[in-house]
Amino acid sequence: MSTLNRSRAKSAFSSPIASAAAVVIATLWTIPTFGLLISSIRPEQAINNSGWWTFFTNPEISFENYEKVLFQGTLIQPPMVQYFFNSLAITLPAVVFPITLAVFAAYALAWFDFKGRDFIFFSIFALQVVPLQLTLIPLLQLFAKGLSINGITIIPNLGITGTYIPIWIAHTIFGLPLAIFLLHNFLRQIPRELVEAAKVDGAGWFTMFRALIFPLSIPAIASFAIFQFLWVWNDLLVGLTFGAGSKEVAPMTVRLAEMVGTRGGGWEVLTAGAFVSTVVPLIVFFALQRYFVRGLLAGSVKG
Amino acid sequence: MNVAMMIPQRSLWDTVLPNLTILGIAIAAFLGVIFLIFVLAERASNNVQNILKYIVFLAPAALLLLIGLIYPAIRTLIFSFMNANSSEFVGFDNYTWAFTIPEIRIVLRNTLIWTLLVPILSTGLGLAIAYMTDRMKRAAVIKSLIFMPMAISFVGAGIIWRFVYTYEANVNRPEIGLLSSIWRAMEWEPRNWLLEAPLNTLLLIVVMVWIQTGFAMVVLSAAMRNIPDEITEAALLDGTSNFRRFTRITIPMIRATIVVVLTTITIGTLKVFDIVRTMTGGNFQTNVIANEMYSQSFRQMNYGTGSALAIILFVAIIPIIIYNVRQLRLERTER
């Protein structure tokens, strides 16, 4: 009945003008990316001497740009493939760490009874929108020098500058508030009877997490994982500041931004480079769009 | 003899292997520790577990947020009242600097333009597209395409649009940028898009709108689907026009979501620095606070002015934080 109504309503509503307008907008939205993709597979002299749309009248295909940008490095300048794997090495741990810690904290905030619980929860919620810029300098100093108050060393200098560790930690910290908030909302919806029943069966807090809470929260974890993956993979600010300028750990975004800036910025390498950096998030996006949207709808607060 | 020949070329495997090893070790060690904690903790007595649960579940995240967000934020506030290398207090000098130096006033003005235009344009467009595709058949492809820029990095988007805006000074050579090419075909006066203020700021804003419209569309069309069919059908039976239905029913029904989308995009816009950095490097009067904060802190190495700019950014966000917390309180009491 309701599906019937829905489809009747559908046919009654869909105006051809609106449909046409939507198609036009979608086309406009796609053209810039499409132009980049086409350009990246054209020979260098073709890119620089004619617009990418001439490809359709005079198609010339060459994968030299990709070969050049991906594999041709110099002594001091590693090729893009190095940065690709740097991005991978940054992103996967920077997804696993915050999600694990966040699902723990969300469990505590949703199901432990303790004083100050609401205060902590609201604080974390408020922290979601704190701009990273606010924390950069002190956090960098923390990684470089450790932390000491009045000469008492609280955190020693760990000598981790120039490794992946500061980048992982920074991403973990910045990802936590949103992750905790989303997962908390999800975990609260688990029926109290289920938790009580597990307690009656003699499950402790740890067994309960392992056997009940964690398996139930996997869908929510998946949604957030995609979110965090895209966020970390596409990030420039954290990679730039916490990578300490080391080419060994810099992600692809940092290299791309560098290519645009000073040296080596011909369109043939820029278009191919930009596409290489975009292809992974695009695959993730199109393959898992449904989960991504779910995550987005659950907590559209973080910027 | 060719020098390059003497240097052993690093093979692909040489770059891949160390990274994969680090990646594997990091994740395995992390999960291993957690596994071990669970094995031990599950064997502990109930009393021990009652204390242990806070240490294992709550403490790591709480400590990280305390040390990684709250403590640095307070330090930044202190730095903003100190000189370039944080050796002595200078009072409000950094703030006076920010509001009086003409260059920085342009930065503040641009940030204001961004935070006004991007949320309004993105949300407006997203709303319109969501409404147009609401009851449309096979809208999924259209929505995917408009949503796609969300998956692209700001740096990538910057390059994509730089290419659109490329300008060729020599009239005898073909334009390779799409916009310039259309311009030339129309025989309009050629323009070097990214150099002309204030046009260039608007062109950079287009990039952010391009990215955020998809977000607005997805969230708003989900909200529209939650409007009960009966209401829309009643309006339809009354012969209400599409436009009136949009203004009288759709918008009021999803007002709360519109506000969420507006605030989310506002926050994102305040923080974004990658677009400006990639496209103009903040030159030609296109700079914004987030980018200038980076330049002051890490190029000029002036922690005082950099921190002051970060604080200004934060102060701009405070009303949104308060609003959000209030909304959440309301939601919770309603339950």
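Cβ atoms are placed via backbone N, Cα and C, with glycine included.
TrEMBL entries are annotated by machine, without manual review.
Copied from TrEMBL, the annotated features are:
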TRANSMEM  A:12-31  transmembrane segment
DOMAIN    A:84-288  domain 'ABC transmembrane type-1'
TRANSMEM  A:88-112  transmembrane segment
TRANSMEM  A:119-144  transmembrane segment
TRANSMEM  A:164-187  transmembrane segment
TRANSMEM  A:208-233  transmembrane segment
TRANSMEM  A:269-288  transmembrane segment
Can you tell me which parts of the same chain pack against the transmembrane segment (A:208-233), counting only residues 6+ beyond its ends and a CB-CB cutoff under 8 A?
87, 90-91, 94-95, 98-99, 102-104, 106-107, 111, 171, 175, 178-179, 182-183, 186-187, 190, 194-195, 198-199, 251, 280-281, 284-285, 288, 291-292, 294-296, 298
Could you check if the transmembrane segment (A:164-187) is in contact with the transmembrane segment (A:12-31), meaning 3+ Cβ pairs under 8 Å among residue pairs at least 6 apart in sequence?
no
Between the transmembrane segment (A:119-144) and the stretches A:12-31, A:88-112, A:269-288, work out which stretch tops the count of Cβ pairs under 8 Å.
A:88-112
What else in the chain is close to the transmembrane segment (A:269-288), if you only count residues 6 or more beyond its ends and a Cβ gap under 8 Å?
33, 36-37, 39-40, 47, 65-66, 68-70, 80, 84, 87, 222, 226, 229-230, 233-234, 252-253, 255-256, 259-260
